[in-house]
Amino acid sequence: MLSVYEKGNALDKRVLEEWLLSEDILMENAAMALERAVLQNASLGAKVIILCGSGDNGGDGYTLARRLVGRFKTLVFEMKLAKSPMCQLQKERAKKVGVVIKAWEEKNEDLECDVLVDCVVGSAFKGGLEPFLDFESLSQKARFKIACDIPSGIDSKGRVDKRAFKADTTISMGAIKSCLLSDKAKDYIGELKVGHLGVFNQIYEIPTDTFLLEKSDLKLPLRDRKNAHKGDYGHAHVLLGKHSGAGLLSALSALSFGSGVVSIQALECEITSNNKPLELVFCENFPKKLSAFALGMGLENIPKDFKKWLELAPCVLDAGVFYHKEVLQALEKEVILTPHPKEFLSLLKSVGINISMLELLDNKLEIARDFSQKYPKVVLLLKGANTLIAHQGRVFINNLGSVALAKAGSGDVLAGLIVSLLSQNYTPLDAAINASLAHALAGLEFKNHYALTPLDLIEKIKRL
């Protein structure tokens with residue numbers, strides 16, 4: 001997993017003060033990272049347009065232009081007059097080696113290009129973009145688009161101006177910034193990469209409590225013993241609500257992810273031999289012996305024995321439970337909560353936090369972190385375009401999910417994966433992380449995003 005920071009200022013300061021690297025060296029390395037992205041996506045001689053702002057982000061752009069001129073048809077547009085000392089210096093250096101620099105007002109030529117590089121605002125963006133920064137029309141003329149550090153129009157909280165630069169790849173300088181991982185930013189950053197600034201990243205980084213999950217972090221269930229039986233791999237119990245299909249999907253998902261036994265219990269529906277999958281065990285009552293249980297999928301009302309069940313085994317709580325105040329009984333237990341934003345708002349209201357959906361979406365990371373600090377036994381998995389998993393103030397971000405998962409039943413499959421890992425003795429945090437990764441990666445395996453069904457998803461999970 002990768003370390004994530006709200007801002008890179010403290011990291012850069014450490015490089016300058018402790019290791020005596022200069023701003024010049026940092027900027028040269030930033031330009032080298034951008035240069036690699038250009039070389040990977042364009043042939044020599046291709047046309048490259050670089051948009052430069054007034055600060056150090058613009059300085060990165062002028063440095064890039066100096067490195068490209070002679071190999072590419074390089075054109076720089078000065079979107080704002082160079083103001084920072086490094087930006088002014090790099091602009092002069094670029095001019096000395098023959099880089100063509102024009103004011104934006106001089107754009108009287110064909111703006112079509114092979115590569116368009118955004119070095120306008122970066123991390124300095126606040127408020128709204130100036131009217132003349134028409135990235136949308138410019139982007140339509142470029143075959144490939146690169147953003148330096150942060151696409152212009154995304155602020156430090158991940159809020160996005162509707163006219164923001166939409167990149168095919170974003171090179172985050174030094175380390176990944178949390179603003180690049182907001183739900184709203186997901187459509188603007190493209191592929192996310194880190195540009196190293198002259199120091200190995202593990203030396204460059206400082207301690208953080210925010211992390212980006214990677215494919216390599218996934219630890220699938222392991223059956224490495226030959227002398228074993230079903231009891232060695234746990235008993236997961238799934239309680240079915242009024243909409244029984246949701247719980248059945250969870251149960252099938254749990255069975256496909258390694259649980260030795262998966263049982264179901266009908267709370268608000270009827271299950272018969274005709275509509276129960278043969279591989280699931282039917283229980284009329286809550287089992288006396290079990291490893292973990294899942295409740296909430298398709299549920300309308302909280303069962304009267306809910307509090308008693310919480311004492312018997314670790315659990316996953318999903319969907320319908322968050323609309324009932326009885327869920328507060330679970331907040332002092334080791335449980336995994338898996339709400340989507342609307343359900344989380346209902347839960348927050350129950351604990352006395354009244355905010356709007358807009359406030360939640362604009363401050364999702366901070367709110368999830370604060371909630372996990374207030375309820376340290378709980379693991380919160382907050383769904384969204386990027387999933388947040390929060391525990392005791394640490395937040396793990398899964399940005400691997402795709403639009404293929406935007407289907408009814410997808411979340412039920414996820415609940416089943418989590419309860420399966422819980423039943424196999426994963427810690428609640430590890431269960432949430434690994435289930436989330438498996439869920440996302442299985443979604444990426446499906447070719448047509450529009451066609452994925454929950455049962456397809458389970459089949460893909462079996463093949464990870």
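We count from 1, first residue shown onward.
Placed from the backbone N, Cα and C atoms, the Cβ positions cover glycine too.
Feature annotation from Swiss-Prot assigns K(+) binding site to N57, D118, S152. Look at Swiss-Prot and you will find D149 tagged as (6S)-NADPHX 1 binding site. Among the features that Swiss-Prot reports, ADP binding site is placed at 383-387, 402-411, with the record citing similarity to another entry. Here Swiss-Prot flags 8-205 as domain 'YjeF N-terminal'. Taken from Swiss-Prot, the feature domain 'YjeF C-terminal' applies to 213-464. Per Swiss-Prot, region 'NAD(P)H-hydrate epimerase' is recorded for 1-205, and the stated evidence type is similarity to another entry. Residues or ranges marked as region 'NADPHX 1' by Swiss-Prot: 56-60, 122-128. The region 'ADP-dependent (S)-NAD(P)H-hydrate dehydratase' feature in Swiss-Prot is assigned to 213-464; the stated evidence is similarity to another entry. The region 'NADPHX 2' annotation in Swiss-Prot covers 340-346 and is backed by similarity to another entry.
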Per the Cβ filter (under 8 Å) with a sequence gap of at least 6 from its ends, the region 'NADPHX 1' (56-60) is approached by 23, 27, 30-31, 34, 78-80, 82, 84, 86-87, 89-91, 119-124, 148-149, 173
Note on K(+): the CB centroid of N57, D118, S152 has further same-chain residues inside 8 Å, namely L51, G53, G61, C119, V120, V121, G122, A147, C148, D149, I150, P151, F165
Reading the DSSP string in three states, the entry for G411 (ADP binding site) is helix
For N57 (K(+) binding site), the nonlocal same-chain Cβ neighbours (under 8 Å, six or more residues apart) come out as C119, V120, V121, G122, S123, A124, C148, D149
Looking at the binding-site residues G409, G411, the one with the fewest other Cβ atoms inside 10 Å is G409
As a whole number of Å, the Cα atom of S152 (K(+) binding site) is distant from the Cα atom of A385 (ADP binding site) by 21
T387 (ADP binding site) -> DSSP, reduced to three states, gives strand
A385 (ADP binding site) and D118 (K(+) binding site), compared by Cα position, are separated in whole Å by 24
Per DSSP (helix/strand/coil reduction), the residue listed as '(6S)-NADPHX 1 binding site' sits in coil
Taking only the CA atoms, the spacing between G411 (ADP binding site) and D118 (K(+) binding site), expressed in whole angstrom, is 37
For K383 (ADP binding site), the same-chain residues 6+ apart in sequence with C-beta under 8 angstroms from its C-beta are T338, P339, H340, P341, G411
Taking every residue in the region 'NADPHX 1' (122-128), the average pLDDT works out to 80
